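Engineer: Sharing a structure here in structure tokens format.
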């Protein structure tokens, strides 16, 4: 048994990894900022100690896992080196963990967390599968055969992994503080492709993914009949989305997903293909798919009188489009109200016009102040720059959430990667409801 200390344990990936190591019988603790983050609920439920940052947390005999947001000058990392302890960064450590399993990496600019959550749930319907999801959920199952995990492209962290399979959902320009342009992102994915040992499952309609070369087979999925696996005869029902699946041009089976939206069909196709390649029992897969309840902060719904409140991580124009599309398909008779908090000044500046265009697809738009990352300070851009580009958009904060009460028959989308949940929480509390995210 190893004693692990996670520096930045409330980070979504770090929280998941800490839970996995705890489940596998190791002694685990960690440190982070003294502020509530939704990831800590799962940690506390498993009895994992969360400490405020302090060099005294670091003791002899520990192995230190260093979160991506923390440099070698962090006080706890400095103390670890003074004690001559082993310090391993998050992606390197995760790369070591996956080596003992048949591993499936899920990567892409959008859809990683939802697809990883679906993959882990569905595979566990037939085979023991440990998993690491980017919503702060992790589970280490003893004697697992498979390991499903989210692999982030930011700063090329995913190059630390050599998975058996990779699901590549899409390539898009994001993280403008690191990547120069979409070609730079594509080059990173190309490097990742050469790390894959068995096969790549990629969205066939993505022009950038179509350029990827690999030393293993690439299987394309989509809604077009020229793909290796595709969906046809799509029907939206009160229970979800039903569709037929074809593999190599031949009818495979009919599936029912409890989710809505084309992006969720695509995610499901990718998962089905991986299961098919590994020979999992199709009836078990179908049954597990029908019971998938989603992942944290991905279209999580709460009913409030005649309103549906949705908590969603969407923080890129393309993700906002998908979230609004899902709301319209699932609730065609309700207004769609967008409450959005931009995440990072660099992303807001890079996609200012695209944010305005995507948000304008909602019936009404409310915007929160920009949530800056710990790495940046940029006063040259304000939320007013985005408000001015969206007709009728208004500023919203915890002190004026009651304005949302006027939308009686509506889906209210609270979107963002920062602390947008405080706005939804304030609105619910003002309506006499408490909710712990």
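Glycine residues also receive a Cβ, built from the backbone N, Cα and C atoms like all the rest.
Okay, these came from Swiss-Prot:
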type	residues	note
BINDING	108, 109, 110, 111, 112, 113, 114	ATP binding site
Engineer: Ranked by the number of other Cβ atoms within 10 Å of their own Cβ, which of the binding-site residues 110, 112 ranks first?
Structural biologist: 112
Engineer: Would you mind checking how many other C-beta atoms are within 10 angstroms of the C-beta on residue 109 (ATP binding site)?
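Structural biologist: Within a 10 Å radius of the Cβ of residue 109 (ATP binding site) lie 24 other Cβ atoms.
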Engineer: Reduced to three states, what secondary structure does DSSP give residue 112 (ATP binding site)?
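Structural biologist: Reduced to three states, the DSSP call for residue 112 (ATP binding site) is helix.
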Engineer: If you count CB neighbours within 10 Å, which one among the binding-site residues 113, 114 has the smallest count?
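Structural biologist: If we count Cβ atoms within 10 Å for the binding-site residues 113, 114, the smallest count is at 113.
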Engineer: Would you count the other CB atoms within 10 A of the CB of residue 108 (ATP binding site), including those on all shown protein chains?
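Structural biologist: I get 25 for this one.
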Engineer: Cβ within 8 Å of the ATP site's Cβ centroid: which residues qualify beyond 108, 109, 110, 111, 112, 113, 114?
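Structural biologist: Apart from 108, 109, 110, 111, 112, 113, 114, the close residues are 106, 115, 169, 170.
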